[in-house]
Amino acid sequence: MPILWLFLIVLAIAIAGYYLGKARVMRSADGDRRHMHSLPSYYGGNVAIKAAVPALIVMLIWLLAQPMIVSNAVSGMIPQAAIADNSSRGLVLSEVRRTADGLDMAVSAGTLDAAAASDPQADLDAVTEGLQQAGAIITSQITQPVLSAAQSYRALNARGTLIMSAVVIVLSVLGALWGLRDAQADYRARNVVETAVRWLLISAASIAILTTLGIVLSLVFNTVEFFRLYPASDFFFGTNWAPSFSGRGGSSDLGVLPLLWGTFYISLVALAVAIPIGLFAAIYLSEYASNGVRSFAKPLLEVLAGIPTIVYGLFALLTVGPLLVSVFGRDGLGIMPAGTAVITAGLVMGVMLIPFVSSLSDDIINAVPQAMRDGSYGLGATKSETIRQVILPAALPGIVGAILLAASRAIGETMIVVLGAGAAARLSLNPFDAMTTVTAKIVSQLTGDADFASPEALVAFALGMTLFVITLALNVFALYIVRKYREQYD
Amino acid sequence: MSDASLSSGAAPHSGAKSLLVQDARTRKRNAAERRFKAYGMIAILIGLFFLVVLAVSIIRSGTPAFTQTVVDVEFTLTADQYAAAEGELFKTKAYEGLLIEQIRETLEAQGIDVAFDAGAIERLLGKPGGTLREYYRANEQSLGSPVSFQLAAASRVDGYLTGRVTREALQDTRFMQASDLDLVDALLEAGIITRAFNWTFITGADSGVDNPGGAGIGASVIGSFFMMLVVLILSLPIGVAASIYLEEFAPQNRFTDLIEVNISNLAAVPSIVFGILGLAVFIQFMHLPQSAPLVGGLVLTLMTLPTIIISTRASLKSVPPSIRDAALGVGASKMQAVFHHVLPLAMPGILTGTIIGLAQALGETAPLLLIGMVGFVARGYPDGVLAGFTEPNSAMPAQIYTWAARADASFYEKAWGGIIILLLFLLTMNIIAIILRRRFERRW
């Protein structure tokens, strides 16, 4: 745990600096805090920040950069001959990394002594046995190039960590000294500390940008990798989804259209359930219901949105599916072969979406000014005529926005379709057929035993990209509509 | 004027009109009004109906997971029998014979007559002889006096009692035969088979696919706990810091606009995309351990941040400007005004939002599937606090998914039971949030 220790050492230096700085400024002001520019704790904080922040930043950058540099260096050492025909440099490199980790494990477990672990002339059999005894995951007998690469990997890493520790500690001490030099009564410590805190706040806020960047980059890189192995036109316009993990490259059909159709169809069924129920519930709650009913029914409906989706998934698989089969299945109408089907997942997802539609629409209907209702009543309209001809048209853009948000929710929903919709990718119009969606396929492609170099695993990233783009477009559009028309009556 | 002419009845085109008699059109309009109102009521009732159905099916299917069928038998072993049994070649077989004898006597005493053999007992109880022998070898002092044993029954007996295994659908296998059910009925009548609270389900770890009876949720509760710890440690400070910046300090410029748009977009990104992010960045790129609560916590942190930021901003906004002005007036800096005056007043709201965000994260499943918390079987508890973060473990929702995806139908009961536990946790968190809100609610 050297990194944890290093972190704790830096922290200790910072804490010591805090108290030293505080003491020093008190001395320089002759113990009278009225002579100082800032409160004493700011001088201490100034020392602590200068001791910790540059050191920790260097440590973070080093930790991110070192593996890449070491991997590059080691990768150059592997001779072309050592790479088997059906393998690649990346695979050998990951084996090297595994072996290096195994050597560390073996040394700490005592099955291999430190000298033997770094001895280039070590007996391969003995090393392999030592690794296996320590419980390291190695596939087969270690070969000489892999062993020597792993040894230099370890050596480089150990040297890198050592240099990093030294640099970080020296930086931390220097920072503390710099802060201590500044701990004089007329130094503007509060301004320095507050600037630092402000940067801390800004960096916390920037994590949203970093996350988005991370999502986009991880999707884009892997998607590009996928399209290098599999033609994009076949992916976007293929009507057949048939991945085969056994044959690598070319033998799988990875057309996205059946998945998009399944996603679209299930979402449609879900919205057909959620929109009428949600909308009528919202109208009743905001226009007709008494305060008592409202304060009782609204939170209860919202409970439906707070239930984890795995619960809905299980509900679809074990309750709704068998129920539908008993009505439409072989004993009933005979049109539903199994419990997992579009209608099962769609119905349950519709139930989940009811509160999304109702709560958002409720807010929007409430935002329609009372003057419009009064005007309509004054002309002699009944309540329902007012609602249908005045309030709903006025609230329509907002309601459309709410429905779009619910639709994007439906498209991105995973657990209900994984458990309730089946796994067959097909282009069919029958709602009693099993179908599958983009999200369900992402799960099944990435939880198998595929290696990340095959198109069958990489396709999940292309699917994720498709999903991300579709839901993002829907969300942006929905938010745009809601925002634009909500201000209309202000 | 027109009123006068109407009331005089001189207008030839209109019939007699009274406020007390509705004409056809008014009746139609009123009927439409009533219908419309009824649609609204029906919609609410449908929504509440679904909620009730969901609750009933969870409770009805989930409660059997908390009890377990046990064979409660009073067993007396004399020292002579003990010595004789230990002297035999098949020792556990000898104990089993004695157990059968005892059960037969109990049944006879109650006047119940049923034929059974050692095979039937083994099918119902597994290998009870070994359990008995182990007990007496450890507690020789209880020889001669009656000891009450609670032996766990096989999962098919469990299923027979809960209605999952029926007499009609049963086919004779080496696990259970039709004649065994007669014995089960007889034992039920004699009060030997009872149901007891299943502590293994609460405290245990996941079992293999062939042992649904021994599966427990305890280890994955621990996994969820460590995951939530990571989420709390990271998302609360980061979320609050980001909200403070955006709400109190941010100038109106392109950078803060970008941050705001990003936050509202992240709140709407499908959860599985966060799973892909976690897989690509934390596991593929940073080589953090797969299936570890640490990685799950990091992914869920990114998902929870928008929720926390949105609720924190709302509660910061609700602190009146006069508080800030007063602080600035006595010479505090902007930073001091925020950290010493605004933030403490906004804290209850922030905590409420945080708990709701954590509750959402606790129920999230899809991203955990991708970072490998489903392929792993949570076989035990982690060794220590640090290992709790990095050792492979499962989380409650992932564990429930694992059970639901298994072929053996007896795991479904466990899945429903797991859901009850999960919902209890969520309920507790939500109640805490409500109490916090009630307790600290301020109106300015």
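Backbone N, Cα and C atoms are what each Cβ position is placed from, and that goes for glycine too.
Annotation comment: TrEMBL describes A:6-21, A:42-65, A:162-180, A:200-221, A:264-285, A:306-329, A:335-357, A:390-411, A:457-482 as transmembrane segment. Sequence annotations record features per position, and here TrEMBL assigns domain 'ABC transmembrane type-1' to A:260-478.
Contact between the transmembrane segment (A:390-411) and the transmembrane segment (A:264-285) is supported: at least 3 Cβ pairs lie under 8 Å, counting only residues 6 or more apart in sequence. Where the transmembrane segment (A:264-285) meets the stretches A:162-180, A:306-329, A:335-357, A:457-482, the count of C-beta pairs under 8 angstroms peaks at A:335-357. Between the transmembrane segment (A:457-482) and the transmembrane segment (A:200-221), three or more CB pairs separated by 6 or more residues in sequence fall under 8 Å, so the two stretches touch. Same-chain residues lying 6 or more positions outside the transmembrane segment (A:335-357) and placing a CB less than 8 Å from one of its CB atoms are 262, 265-275, 277-279, 281-282, 301-305, 307, 309, 312-313, 315-317, 320-322, 324-325, 328-329, 402-403, 405-406, 409-410, 413, 416-417, 419-422, 430-435.
Of the two recorded stretches, the transmembrane segment (A:6-21) does not lie close to the transmembrane segment (A:306-329), with fewer than three CB pairs under 8 Å once pairs fewer than 6 apart in sequence are set aside.
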